């Protein structure tokens with residue numbers, strides 16, 4: 001999946017602020033699709049991921 005405004009497609013797996021999860025495209029509060037982290041049905045907000053230092 002590729003999110004609008006993203007240079008790269010969402011990865012299948014990623015480090016979600018230290019928690020393992022699946023990166024998926026999701027609708028943010030801005031009304032834009034962003035890469036977000038999903039762990040089962042639990043979503044970690046994209047802005048929290050963006051604030052994580054890689």
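Heads up, the Cβ atoms here are built off N, Cα and C, so glycines get one too.
Features reported for this protein in Swiss-Prot:
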type     : residues : note
DISULFID : 3-17     : disulfide bond
DISULFID : 10-23    : disulfide bond
DISULFID : 14-52    : disulfide bond
DISULFID : 16-37    : disulfide bond
DISULFID : 25-35    : disulfide bond
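Straight-line distance linking the Cα atoms of residue 25 (disulfide bond) and residue 37 (disulfide bond), rounded to a whole number, equals 8 Å.
Counting other Cβ atoms within 10 Å of each Cβ, the lowest count among the disulfide-bonded residues 23, 25, 35, 37 belongs to 25.
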